[in-house]
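Here Swiss-Prot flags 1-16 as signal peptide, drawing on sequence analysis. Annotation source Swiss-Prot lists disulfide bond at CYS124-CYS129, CYS193-CYS315, CYS495-CYS498. The feature transmembrane segment is assigned by Swiss-Prot to 178-198, 230-250, 254-274, 296-316, 337-357, 376-396, 397-417, 420-440. According to Swiss-Prot, the domain 'Thioredoxin' annotation covers 449-579.
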Amino acid sequence: MKKLFLFFTLIFTAFAANSGLFDKKQTFLKVDDAFAFSATLSTDKSQLQAHWDIADGYYLYQDKISAELVGKSNPLSLHTQQAAELHQDPYFGEVKVFTHSIDGIFRGTFNNADDKVEITYQGCTEGFCYPPETKVLRIGDLAVSQEQIVEKTVEKNTALLSEQDRLADGLFHSKWTIFGFFLLGLGLAFTPCVLPMLPLLSAIVIGQQQRPNMMRAFSLAFLYVQGMALTYTLLGLAVAAIGLPFQIALQHPYVMIGLSILFVALALSMFGLFTIQLPNSLQNKLNTWSQKQTSGAFGGAFAMGMIAGLVASPCTSAPLSGALLYVAQSGDLFTGAATLYLLALGMGVPLMLITLFGNKILPKSGEWMNTVKQTFGFVMLALPVFLLSRILPEVWEPRLWAGLATVFFIWFALQMSKNGFGYAIKIISFALAMVTVQPLQNWIWQTQTTTQSAVENMPVSQVKFKQIKNTEELDRTLAENPHSIAMLDLYADWCVACKEFEKLTFSDPQVQQQFQNILLLQVNMTKNSPENKALMERFNVMGLPTILFFDQQNNEIQGSRVTGFMDADAFSNWLKALH
(Lines of atoms letter the chains of each structure in order from A; the text may use other names.)
(Lines give C-alpha, C1' and ligand atoms only; values in the text may rest on other atoms or scores of the structure.)
Protein backbone atom coordinates (compact mmCIF):
# COMPACT_ATOMS: atom_id res chain seq x y z
CA MET A 1 0.00 0.00 0.00
CA LYS A 2 2.83 2.32 0.85
CA LYS A 3 4.42 1.61 -2.54
CA LEU A 4 1.15 2.50 -4.38
CA PHE A 5 0.83 5.73 -2.38
CA LEU A 6 4.45 6.67 -3.20
CA PHE A 7 3.88 5.85 -6.91
CA PHE A 8 0.78 8.09 -7.25
CA THR A 9 2.47 10.87 -5.28
CA LEU A 10 5.38 10.89 -7.74
CA ILE A 11 2.99 10.85 -10.74
CA PHE A 12 0.97 13.88 -9.51
CA THR A 13 4.14 15.72 -8.57
CA ALA A 14 5.50 15.21 -12.09
CA PHE A 15 2.27 16.43 -13.68
CA ALA A 16 2.29 19.49 -11.44
CA ALA A 17 5.90 20.21 -12.35
CA ASN A 18 5.16 19.82 -16.05
CA SER A 19 2.14 22.07 -15.74
CA GLY A 20 4.22 24.74 -14.04
CA LEU A 21 6.99 24.43 -16.63
CA PHE A 22 4.82 24.83 -19.73
CA ASP A 23 2.24 27.21 -18.32
CA LYS A 24 4.76 29.69 -16.92
CA LYS A 25 4.28 33.06 -18.64
CA GLN A 26 6.45 36.17 -18.34
CA THR A 27 4.37 39.05 -16.99
CA PHE A 28 4.90 42.71 -17.81
CA LEU A 29 3.68 45.70 -15.85
CA LYS A 30 0.74 47.73 -17.02
CA VAL A 31 1.82 50.88 -18.79
CA ASP A 32 0.69 53.13 -15.92
CA ASP A 33 2.68 51.02 -13.46
CA ALA A 34 5.76 50.88 -15.66
CA PHE A 35 5.67 54.62 -16.34
CA ALA A 36 3.75 56.32 -13.53
CA PHE A 37 2.89 59.78 -14.85
CA SER A 38 1.86 62.95 -13.00
CA ALA A 39 1.69 66.64 -13.90
CA THR A 40 1.34 69.99 -12.14
CA LEU A 41 1.34 73.68 -13.12
CA SER A 42 3.84 76.33 -12.05
CA THR A 43 2.46 79.20 -9.96
CA ASP A 44 2.57 81.64 -12.91
CA LYS A 45 0.93 79.04 -15.19
CA SER A 46 3.69 79.38 -17.77
CA GLN A 47 5.07 75.86 -17.29
CA LEU A 48 3.57 72.40 -17.09
CA GLN A 49 5.79 70.19 -14.93
CA ALA A 50 5.64 66.53 -15.96
CA HIS A 51 7.04 63.69 -13.86
CA TRP A 52 7.51 60.02 -14.72
CA ASP A 53 8.45 57.29 -12.22
CA ILE A 54 9.98 54.53 -14.33
CA ALA A 55 10.05 50.97 -13.00
CA ASP A 56 13.36 49.11 -12.79
CA GLY A 57 14.28 47.51 -16.11
CA TYR A 58 12.00 49.83 -18.09
CA TYR A 59 12.86 52.94 -20.08
CA LEU A 60 11.22 55.80 -22.02
CA TYR A 61 12.45 56.99 -25.43
CA GLN A 62 13.57 60.62 -25.41
CA ASP A 63 12.38 61.31 -28.96
CA LYS A 64 8.95 59.76 -28.32
CA ILE A 65 7.97 62.30 -25.66
CA SER A 66 5.85 65.11 -27.11
CA ALA A 67 3.10 67.50 -26.07
CA GLU A 68 0.76 70.03 -27.64
CA LEU A 69 -2.27 72.09 -26.73
CA VAL A 70 -5.36 70.45 -28.22
CA GLY A 71 -6.53 72.37 -31.28
CA LYS A 72 -3.14 74.01 -31.87
CA SER A 73 -0.63 72.51 -34.25
CA ASN A 74 2.55 73.83 -32.65
CA PRO A 75 4.29 71.38 -30.28
CA LEU A 76 5.41 72.38 -26.80
CA SER A 77 9.15 72.10 -26.21
CA LEU A 78 10.36 69.77 -23.43
CA HIS A 79 13.28 70.54 -21.13
CA THR A 80 14.41 67.86 -18.70
CA GLN A 81 16.51 67.93 -15.55
CA GLN A 82 18.01 64.50 -16.22
CA ALA A 83 20.31 63.69 -19.10
CA ALA A 84 19.23 60.92 -21.45
CA GLU A 85 21.32 57.73 -21.68
CA LEU A 86 22.50 55.90 -24.80
CA HIS A 87 20.83 52.51 -25.15
CA GLN A 88 21.12 49.76 -27.78
CA ASP A 89 17.48 49.03 -28.47
CA PRO A 90 16.42 45.82 -30.31
CA TYR A 91 13.65 47.72 -32.07
CA PHE A 92 15.19 51.13 -32.93
CA GLY A 93 18.95 50.58 -32.67
CA GLU A 94 21.03 53.04 -30.65
CA VAL A 95 18.68 55.55 -29.04
CA LYS A 96 18.56 57.96 -26.11
CA VAL A 97 16.36 56.81 -23.22
CA PHE A 98 15.39 57.81 -19.70
CA THR A 99 15.44 55.37 -16.77
CA HIS A 100 14.29 55.56 -13.13
CA SER A 101 12.55 58.98 -13.37
CA ILE A 102 12.08 62.11 -15.44
CA ASP A 103 11.36 65.68 -14.34
CA GLY A 104 10.41 67.67 -17.41
CA ILE A 105 9.00 71.10 -18.21
CA PHE A 106 6.71 72.04 -21.10
CA ARG A 107 6.65 75.79 -21.64
CA GLY A 108 3.51 77.59 -22.75
CA THR A 109 0.62 79.75 -21.60
CA PHE A 110 -1.81 77.71 -19.52
CA ASN A 111 -4.21 80.39 -18.25
CA ASN A 112 -7.40 78.95 -19.77
CA ALA A 113 -8.85 76.32 -17.45
CA ASP A 114 -10.74 74.66 -20.31
CA ASP A 115 -7.66 74.16 -22.49
CA LYS A 116 -6.38 70.60 -22.81
CA VAL A 117 -2.84 69.33 -23.24
CA GLU A 118 -2.01 66.07 -25.01
CA ILE A 119 1.18 64.41 -23.76
CA THR A 120 2.42 61.35 -25.65
CA TYR A 121 5.27 59.01 -24.67
CA GLN A 122 6.48 55.50 -25.43
CA GLY A 123 8.64 53.05 -23.53
CA CYS A 124 9.95 49.50 -23.57
CA THR A 125 11.54 46.81 -21.48
CA GLU A 126 13.54 43.75 -22.44
CA GLY A 127 11.42 41.60 -24.72
CA PHE A 128 8.42 43.91 -24.83
CA CYS A 129 7.63 47.34 -26.27
CA TYR A 130 4.55 49.35 -25.33
CA PRO A 131 2.51 51.26 -27.94
CA PRO A 132 2.57 55.08 -27.66
CA GLU A 133 0.61 56.25 -24.62
CA THR A 134 -1.30 59.56 -24.70
CA LYS A 135 -2.56 61.48 -21.68
CA VAL A 136 -5.11 64.28 -22.17
CA LEU A 137 -4.96 66.78 -19.29
CA ARG A 138 -7.45 69.57 -18.63
CA ILE A 139 -5.62 72.67 -17.39
CA GLY A 140 -8.27 73.43 -14.77
CA ASP A 141 -7.83 69.98 -13.22
CA LEU A 142 -4.08 70.32 -12.62
CA ALA A 143 -2.70 71.19 -9.21
CA VAL A 144 -0.35 74.16 -8.84
CA SER A 145 3.15 73.16 -7.73
CA GLN A 146 5.11 75.22 -5.21
CA GLU A 147 8.30 73.18 -5.63
CA GLN A 148 11.50 75.01 -6.48
CA ILE A 149 12.75 72.20 -8.71
CA VAL A 150 10.93 73.83 -11.62
CA GLU A 151 12.96 76.99 -11.35
CA LYS A 152 16.20 75.02 -10.99
CA THR A 153 15.40 73.05 -14.11
CA VAL A 154 14.82 76.21 -16.07
CA GLU A 155 17.99 77.76 -14.72
CA LYS A 156 20.01 74.72 -15.75
CA ASN A 157 18.62 74.54 -19.27
CA THR A 158 18.64 78.27 -20.02
CA ALA A 159 22.41 78.19 -20.54
CA LEU A 160 21.94 75.58 -23.26
CA LEU A 161 19.22 77.47 -25.13
CA SER A 162 19.85 79.53 -28.23
CA GLU A 163 19.24 83.28 -28.03
CA GLN A 164 15.78 83.11 -29.59
CA ASP A 165 14.77 80.35 -27.15
CA ARG A 166 16.01 82.40 -24.19
CA LEU A 167 14.00 85.39 -25.37
CA ALA A 168 10.87 83.28 -25.83
CA ASP A 169 11.48 81.72 -22.41
CA GLY A 170 11.74 85.21 -20.92
CA LEU A 171 8.32 86.09 -22.32
CA PHE A 172 6.86 82.93 -20.81
CA HIS A 173 8.27 83.85 -17.39
CA SER A 174 7.38 87.55 -17.31
CA LYS A 175 5.34 89.74 -19.61
CA TRP A 176 7.57 92.68 -18.58
CA THR A 177 10.23 91.15 -20.82
CA ILE A 178 8.47 92.74 -23.81
CA PHE A 179 10.05 96.10 -22.94
CA GLY A 180 13.48 94.55 -23.41
CA PHE A 181 12.57 93.99 -27.05
CA PHE A 182 12.51 97.77 -27.51
CA LEU A 183 16.22 97.86 -26.62
CA LEU A 184 16.89 94.93 -28.95
CA GLY A 185 15.16 96.89 -31.71
CA LEU A 186 17.57 99.78 -31.17
CA GLY A 187 20.43 97.41 -31.98
CA LEU A 188 18.67 96.00 -35.04
CA ALA A 189 18.27 99.53 -36.48
CA PHE A 190 21.83 99.40 -37.81
CA THR A 191 21.56 96.05 -39.60
CA PRO A 192 21.44 95.74 -43.42
CA CYS A 193 17.73 94.92 -43.27
CA VAL A 194 16.71 98.15 -41.56
CA LEU A 195 19.15 100.69 -43.00
CA PRO A 196 17.37 100.74 -46.43
CA MET A 197 14.41 102.36 -44.68
CA LEU A 198 16.48 105.44 -43.80
CA PRO A 199 16.61 106.98 -47.30
CA LEU A 200 12.86 106.61 -47.68
CA LEU A 201 12.20 108.39 -44.37
CA SER A 202 14.82 111.05 -45.13
CA ALA A 203 13.30 111.70 -48.54
CA ILE A 204 9.86 112.15 -46.98
CA VAL A 205 11.02 114.60 -44.30
CA ILE A 206 14.10 116.36 -45.69
CA GLY A 207 13.44 115.98 -49.39
CA GLN A 208 10.39 118.27 -49.57
CA GLN A 209 10.35 121.49 -51.54
CA GLN A 210 9.32 123.34 -48.37
CA ARG A 211 11.39 122.23 -45.40
CA PRO A 212 9.19 121.38 -42.38
CA ASN A 213 9.80 122.81 -38.93
CA MET A 214 11.00 120.49 -36.18
CA MET A 215 7.50 119.70 -34.93
CA ARG A 216 6.22 118.79 -38.38
CA ALA A 217 9.40 116.83 -39.14
CA PHE A 218 8.95 114.88 -35.91
CA SER A 219 5.30 114.18 -36.75
CA LEU A 220 6.19 112.92 -40.23
CA ALA A 221 8.98 110.71 -38.88
CA PHE A 222 6.78 109.41 -36.06
CA LEU A 223 3.94 108.48 -38.43
CA TYR A 224 6.42 106.81 -40.78
CA VAL A 225 7.74 104.66 -37.92
CA GLN A 226 4.18 103.86 -36.78
CA GLY A 227 3.32 102.64 -40.29
CA MET A 228 6.47 100.53 -40.34
CA ALA A 229 5.72 99.12 -36.87
CA LEU A 230 2.13 98.27 -37.83
CA THR A 231 3.22 96.35 -40.94
CA TYR A 232 6.02 94.62 -39.04
CA THR A 233 3.63 93.56 -36.27
CA LEU A 234 0.90 92.27 -38.59
CA LEU A 235 3.37 90.43 -40.81
CA GLY A 236 5.06 88.93 -37.75
CA LEU A 237 1.76 87.57 -36.45
CA ALA A 238 0.95 86.21 -39.91
CA VAL A 239 4.33 84.46 -40.13
CA ALA A 240 3.82 82.95 -36.67
CA ALA A 241 0.38 81.69 -37.69
CA ILE A 242 1.07 80.62 -41.29
CA GLY A 243 4.80 80.04 -41.26
CA LEU A 244 7.49 80.36 -43.91
CA PRO A 245 5.15 80.26 -46.97
CA PHE A 246 3.91 83.74 -46.06
CA GLN A 247 7.46 85.04 -45.79
CA ILE A 248 8.35 83.47 -49.13
CA ALA A 249 5.24 84.93 -50.79
CA LEU A 250 6.45 88.41 -49.84
CA GLN A 251 9.70 87.68 -51.67
CA HIS A 252 8.05 86.60 -54.92
CA PRO A 253 9.69 88.29 -57.92
CA TYR A 254 6.41 90.01 -58.78
CA VAL A 255 6.32 91.62 -55.33
CA MET A 256 9.98 92.67 -55.49
CA ILE A 257 9.62 94.09 -59.01
CA GLY A 258 6.40 95.90 -58.05
CA LEU A 259 8.02 97.56 -55.04
CA SER A 260 11.09 98.45 -57.12
CA ILE A 261 8.92 100.15 -59.75
CA LEU A 262 7.15 102.09 -56.99
CA PHE A 263 10.44 103.34 -55.52
CA VAL A 264 11.79 104.26 -58.96
CA ALA A 265 8.63 106.29 -59.60
CA LEU A 266 9.01 108.06 -56.24
CA ALA A 267 12.66 108.81 -57.02
CA LEU A 268 11.82 110.21 -60.46
CA SER A 269 9.20 112.46 -58.89
CA MET A 270 11.95 113.89 -56.68
CA PHE A 271 13.89 114.77 -59.82
CA GLY A 272 10.88 116.84 -60.89
CA LEU A 273 9.83 114.64 -63.81
CA PHE A 274 6.26 114.49 -62.47
CA THR A 275 4.26 115.07 -59.30
CA ILE A 276 2.60 112.28 -57.38
CA GLN A 277 -0.75 113.32 -55.92
CA LEU A 278 -4.29 112.04 -55.52
CA PRO A 279 -7.06 112.75 -58.06
CA ASN A 280 -8.47 116.25 -57.63
CA SER A 281 -11.91 115.05 -56.53
CA LEU A 282 -10.51 112.93 -53.72
CA GLN A 283 -7.82 115.47 -52.87
CA ASN A 284 -10.40 118.21 -52.31
CA LYS A 285 -12.30 116.01 -49.85
CA LEU A 286 -9.16 115.43 -47.81
CA ASN A 287 -7.88 119.00 -47.81
CA THR A 288 -9.31 119.61 -44.36
CA TRP A 289 -7.18 116.81 -42.98
CA SER A 290 -4.05 117.27 -45.05
CA GLN A 291 -3.00 119.96 -47.46
CA LYS A 292 -1.72 117.59 -50.11
CA GLN A 293 -1.25 113.86 -50.25
CA THR A 294 2.31 114.08 -51.52
CA SER A 295 5.24 112.27 -50.00
CA GLY A 296 5.50 114.90 -47.28
CA ALA A 297 1.90 114.65 -46.05
CA PHE A 298 1.03 112.79 -42.87
CA GLY A 299 -1.01 110.14 -44.65
CA GLY A 300 1.75 109.66 -47.19
CA ALA A 301 4.36 109.28 -44.43
CA PHE A 302 2.28 106.60 -42.70
CA ALA A 303 1.72 104.77 -46.01
CA MET A 304 5.42 104.91 -46.90
CA GLY A 305 6.22 103.51 -43.46
CA MET A 306 3.92 100.56 -44.10
CA ILE A 307 5.69 99.92 -47.42
CA ALA A 308 9.07 100.17 -45.67
CA GLY A 309 7.88 97.47 -43.27
CA LEU A 310 7.61 95.15 -46.27
CA VAL A 311 11.26 95.84 -47.10
CA ALA A 312 12.43 94.80 -43.62
CA SER A 313 9.96 91.94 -43.14
CA PRO A 314 11.97 89.04 -44.67
CA CYS A 315 14.93 89.53 -42.35
CA THR A 316 14.88 87.06 -39.48
CA SER A 317 16.84 87.97 -36.34
CA ALA A 318 17.10 86.29 -32.96
CA PRO A 319 14.77 88.83 -31.25
CA LEU A 320 12.20 88.46 -34.03
CA SER A 321 12.47 84.67 -33.90
CA GLY A 322 12.04 84.73 -30.12
CA ALA A 323 8.83 86.74 -30.43
CA LEU A 324 7.50 84.50 -33.22
CA LEU A 325 8.42 81.38 -31.23
CA TYR A 326 6.49 82.70 -28.24
CA VAL A 327 3.39 83.46 -30.34
CA ALA A 328 3.54 80.08 -32.09
CA GLN A 329 3.90 78.09 -28.85
CA SER A 330 1.58 80.08 -26.58
CA GLY A 331 -1.10 81.41 -28.92
CA ASP A 332 -0.96 84.69 -26.91
CA LEU A 333 -1.50 87.15 -29.77
CA PHE A 334 -1.75 90.22 -27.53
CA THR A 335 1.66 89.78 -25.89
CA GLY A 336 3.15 88.71 -29.22
CA ALA A 337 1.77 91.78 -30.99
CA ALA A 338 3.03 94.11 -28.24
CA THR A 339 6.47 92.49 -28.42
CA LEU A 340 6.69 92.83 -32.20
CA TYR A 341 5.47 96.43 -32.04
CA LEU A 342 8.08 97.44 -29.44
CA LEU A 343 10.78 95.67 -31.46
CA ALA A 344 9.79 97.65 -34.57
CA LEU A 345 9.51 100.88 -32.57
CA GLY A 346 13.05 100.39 -31.27
CA MET A 347 14.22 99.88 -34.86
CA GLY A 348 12.52 103.14 -35.86
CA VAL A 349 13.79 105.48 -33.13
CA PRO A 350 17.37 105.83 -34.51
CA LEU A 351 15.90 106.48 -37.96
CA MET A 352 13.78 109.28 -36.48
CA LEU A 353 16.75 110.86 -34.69
CA ILE A 354 18.99 110.77 -37.77
CA THR A 355 16.27 112.37 -39.87
CA LEU A 356 15.44 115.06 -37.31
CA PHE A 357 19.08 116.11 -36.86
CA GLY A 358 19.54 116.08 -40.64
CA ASN A 359 16.50 118.33 -40.99
CA LYS A 360 17.98 120.78 -38.48
CA ILE A 361 21.53 120.84 -39.84
CA LEU A 362 20.86 121.20 -43.58
CA PRO A 363 19.96 124.64 -45.06
CA LYS A 364 16.25 125.45 -44.97
CA SER A 365 15.77 127.64 -48.03
CA GLY A 366 17.24 128.56 -51.39
CA GLU A 367 18.18 126.74 -54.59
CA TRP A 368 20.22 124.33 -52.50
CA MET A 369 16.94 122.62 -51.55
CA ASN A 370 16.43 121.35 -55.10
CA THR A 371 19.88 119.77 -54.99
CA VAL A 372 19.08 118.15 -51.63
CA LYS A 373 15.79 116.82 -52.98
CA GLN A 374 17.46 115.33 -56.06
CA THR A 375 20.22 113.86 -53.88
CA PHE A 376 17.61 111.96 -51.92
CA GLY A 377 16.15 110.88 -55.23
CA PHE A 378 19.41 109.03 -55.86
CA VAL A 379 19.36 107.65 -52.33
CA MET A 380 15.84 106.34 -52.93
CA LEU A 381 17.04 104.62 -56.12
CA ALA A 382 19.21 102.48 -53.86
CA LEU A 383 16.08 100.73 -52.58
CA PRO A 384 15.25 99.02 -55.92
CA VAL A 385 18.87 97.81 -56.11
CA PHE A 386 18.54 96.38 -52.59
CA LEU A 387 15.26 94.65 -53.47
CA LEU A 388 16.26 93.34 -56.90
CA SER A 389 19.52 91.91 -55.54
CA ARG A 390 17.35 89.31 -53.75
CA ILE A 391 15.95 87.87 -56.97
CA LEU A 392 18.65 88.56 -59.59
CA PRO A 393 21.81 86.46 -60.03
CA GLU A 394 24.55 87.57 -57.66
CA VAL A 395 26.70 88.95 -60.47
CA TRP A 396 24.11 91.68 -61.17
CA GLU A 397 24.27 93.31 -57.75
CA PRO A 398 27.71 94.99 -58.17
CA ARG A 399 26.72 96.08 -61.69
CA LEU A 400 23.57 97.80 -60.44
CA TRP A 401 25.42 99.51 -57.61
CA ALA A 402 28.19 100.56 -60.00
CA GLY A 403 25.68 102.02 -62.46
CA LEU A 404 23.86 103.97 -59.77
CA ALA A 405 27.10 105.28 -58.21
CA THR A 406 28.51 106.32 -61.60
CA VAL A 407 25.40 108.29 -62.56
CA PHE A 408 25.33 109.94 -59.13
CA PHE A 409 28.96 111.12 -59.25
CA ILE A 410 28.56 112.46 -62.79
CA TRP A 411 25.39 114.31 -61.73
CA PHE A 412 27.15 115.61 -58.60
CA ALA A 413 30.10 116.92 -60.64
CA LEU A 414 27.72 118.72 -63.00
CA GLN A 415 25.84 120.24 -60.06
CA MET A 416 29.08 121.50 -58.54
CA SER A 417 30.07 123.03 -61.88
CA LYS A 418 26.65 124.63 -62.26
CA ASN A 419 26.81 126.21 -58.81
CA GLY A 420 30.35 127.50 -59.28
CA PHE A 421 32.18 125.27 -56.83
CA GLY A 422 35.91 124.64 -57.16
CA TYR A 423 37.61 122.44 -59.72
CA ALA A 424 38.92 120.11 -57.03
CA ILE A 425 35.42 118.87 -56.15
CA LYS A 426 34.56 118.37 -59.83
CA ILE A 427 37.78 116.46 -60.49
CA ILE A 428 37.22 114.23 -57.45
CA SER A 429 33.63 113.55 -58.53
CA PHE A 430 34.65 112.57 -62.07
CA ALA A 431 37.49 110.43 -60.68
CA LEU A 432 35.05 108.59 -58.42
CA ALA A 433 32.74 108.11 -61.39
CA MET A 434 35.59 106.50 -63.33
CA VAL A 435 36.32 104.16 -60.41
CA THR A 436 32.72 103.09 -59.90
CA VAL A 437 32.15 102.47 -63.61
CA GLN A 438 34.84 99.74 -63.74
CA PRO A 439 32.46 96.78 -63.07
CA LEU A 440 30.32 97.99 -65.96
CA GLN A 441 33.36 98.28 -68.23
CA ASN A 442 34.41 94.73 -67.39
CA TRP A 443 30.91 93.48 -68.09
CA ILE A 444 30.48 95.37 -71.38
CA TRP A 445 33.93 94.72 -72.81
CA GLN A 446 34.52 91.36 -71.10
CA THR A 447 38.08 92.46 -70.22
CA GLN A 448 38.47 90.61 -66.95
CA THR A 449 41.24 88.07 -66.84
CA THR A 450 40.74 84.37 -66.29
CA THR A 451 41.89 84.79 -62.72
CA GLN A 452 39.43 87.63 -62.07
CA SER A 453 36.61 85.59 -63.57
CA ALA A 454 37.49 82.61 -61.42
CA VAL A 455 37.55 84.78 -58.31
CA GLU A 456 34.15 86.28 -59.22
CA ASN A 457 32.57 82.88 -59.67
CA MET A 458 34.18 81.30 -56.62
CA PRO A 459 31.74 80.58 -53.80
CA VAL A 460 32.10 83.30 -51.20
CA SER A 461 32.32 81.01 -48.21
CA GLN A 462 34.47 78.34 -49.93
CA VAL A 463 32.54 75.78 -47.86
CA LYS A 464 31.21 72.67 -49.55
CA PHE A 465 27.68 71.87 -48.44
CA LYS A 466 25.92 68.70 -49.49
CA GLN A 467 22.66 69.81 -51.06
CA ILE A 468 19.53 68.14 -49.63
CA LYS A 469 16.28 68.05 -51.61
CA ASN A 470 13.76 66.28 -49.37
CA THR A 471 13.21 64.68 -45.97
CA GLU A 472 14.02 61.17 -47.22
CA GLU A 473 17.43 62.27 -48.50
CA LEU A 474 18.04 64.10 -45.23
CA ASP A 475 17.28 60.99 -43.16
CA ARG A 476 19.55 58.83 -45.33
CA THR A 477 22.39 61.33 -45.13
CA LEU A 478 22.07 61.74 -41.36
CA ALA A 479 22.08 57.96 -40.91
CA GLU A 480 25.43 57.79 -42.73
CA ASN A 481 26.95 60.73 -40.85
CA PRO A 482 30.61 59.91 -39.99
CA HIS A 483 30.84 62.86 -37.59
CA SER A 484 29.29 63.43 -34.17
CA ILE A 485 27.29 66.43 -35.39
CA ALA A 486 25.48 67.38 -38.60
CA MET A 487 24.53 70.96 -39.55
CA LEU A 488 21.59 71.76 -41.82
CA ASP A 489 21.58 75.27 -43.30
CA LEU A 490 18.20 76.45 -44.63
CA TYR A 491 19.01 79.04 -47.28
CA ALA A 492 17.14 81.19 -49.81
CA ASP A 493 18.43 83.52 -52.51
CA TRP A 494 16.18 86.34 -51.29
CA CYS A 495 17.39 86.06 -47.67
CA VAL A 496 19.81 88.91 -46.92
CA ALA A 497 21.00 87.44 -43.60
CA CYS A 498 21.66 84.10 -45.36
CA LYS A 499 24.08 85.89 -47.66
CA GLU A 500 25.70 87.55 -44.66
CA PHE A 501 26.25 84.12 -43.13
CA GLU A 502 27.87 82.96 -46.36
CA LYS A 503 30.12 85.99 -46.85
CA LEU A 504 31.05 86.94 -43.29
CA THR A 505 30.65 83.88 -41.07
CA PHE A 506 31.15 80.66 -43.04
CA SER A 507 34.27 82.10 -44.72
CA ASP A 508 36.01 82.78 -41.39
CA PRO A 509 39.04 80.50 -40.76
CA GLN A 510 38.06 79.62 -37.18
CA VAL A 511 34.55 78.66 -38.32
CA GLN A 512 35.95 76.56 -41.16
CA GLN A 513 38.23 74.86 -38.63
CA GLN A 514 35.14 73.86 -36.63
CA PHE A 515 33.42 72.67 -39.83
CA GLN A 516 36.04 69.93 -40.29
CA ASN A 517 34.28 67.80 -37.67
CA ILE A 518 30.73 68.52 -38.83
CA LEU A 519 28.66 67.10 -41.68
CA LEU A 520 27.55 70.19 -43.64
CA LEU A 521 24.13 70.02 -45.29
CA GLN A 522 22.12 72.72 -47.03
CA VAL A 523 18.58 73.10 -48.38
CA ASN A 524 17.71 75.82 -50.89
CA MET A 525 14.29 77.14 -49.82
CA THR A 526 14.04 79.78 -52.55
CA LYS A 527 11.31 78.11 -54.64
CA ASN A 528 9.15 76.95 -51.69
CA SER A 529 8.68 73.59 -53.38
CA PRO A 530 6.54 70.80 -51.84
CA GLU A 531 9.78 69.25 -50.57
CA ASN A 532 10.69 72.59 -48.94
CA LYS A 533 7.27 72.76 -47.30
CA ALA A 534 7.63 69.23 -45.92
CA LEU A 535 10.98 70.11 -44.33
CA MET A 536 9.56 73.35 -42.99
CA GLU A 537 6.59 71.60 -41.36
CA ARG A 538 8.72 68.80 -39.95
CA PHE A 539 11.08 71.17 -38.15
CA ASN A 540 8.56 73.98 -37.48
CA VAL A 541 10.66 76.58 -39.32
CA MET A 542 9.29 80.10 -38.97
CA GLY A 543 11.82 82.14 -40.93
CA LEU A 544 15.22 82.29 -42.59
CA PRO A 545 18.06 81.97 -41.98
CA THR A 546 17.60 78.89 -39.82
CA ILE A 547 20.44 76.48 -38.99
CA LEU A 548 19.70 73.12 -37.35
CA PHE A 549 22.12 70.74 -35.63
CA PHE A 550 21.66 66.96 -35.29
CA ASP A 551 23.32 64.33 -33.12
CA GLN A 552 24.38 60.83 -34.22
CA GLN A 553 20.89 59.50 -33.49
CA ASN A 554 19.53 61.88 -36.17
CA ASN A 555 17.74 63.95 -33.52
CA GLU A 556 17.88 67.73 -33.49
CA ILE A 557 20.03 68.85 -30.57
CA GLN A 558 17.81 70.64 -28.07
CA GLY A 559 18.39 74.38 -27.83
CA SER A 560 20.96 74.41 -30.63
CA ARG A 561 18.89 76.03 -33.39
CA VAL A 562 20.21 79.31 -34.82
CA THR A 563 17.89 81.85 -36.44
CA GLY A 564 19.06 85.24 -37.60
CA PHE A 565 22.57 86.36 -38.41
CA MET A 566 25.46 85.46 -36.08
CA ASP A 567 28.98 86.81 -36.61
CA ALA A 568 32.01 84.57 -36.96
CA ASP A 569 33.22 84.76 -33.34
CA ALA A 570 29.79 84.07 -31.87
CA PHE A 571 29.10 81.25 -34.33
CA SER A 572 32.49 79.64 -33.69
CA ASN A 573 31.84 79.68 -29.94
CA TRP A 574 28.39 78.22 -30.60
CA LEU A 575 29.93 75.31 -32.51
CA LYS A 576 32.48 74.72 -29.74
CA ALA A 577 29.69 74.54 -27.17
CA LEU A 578 27.87 71.93 -29.25
CA HIS A 579 30.95 69.69 -29.26
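Every residue gets a Cβ built from N, Cα and C, even glycine.
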Separation of alpha carbons, CYS495 (disulfide bond) and CYS124 (disulfide bond) (Å): 44
Which listed residue (CYS124, CYS129, CYS495) has most other Cβ within 10 Å, given these are disulfide-bonded residues: CYS495
Secondary structure content of the domain 'Thioredoxin' (449-579), with strand meaning DSSP E or B: 55 helix, 24 strand, 52 coil
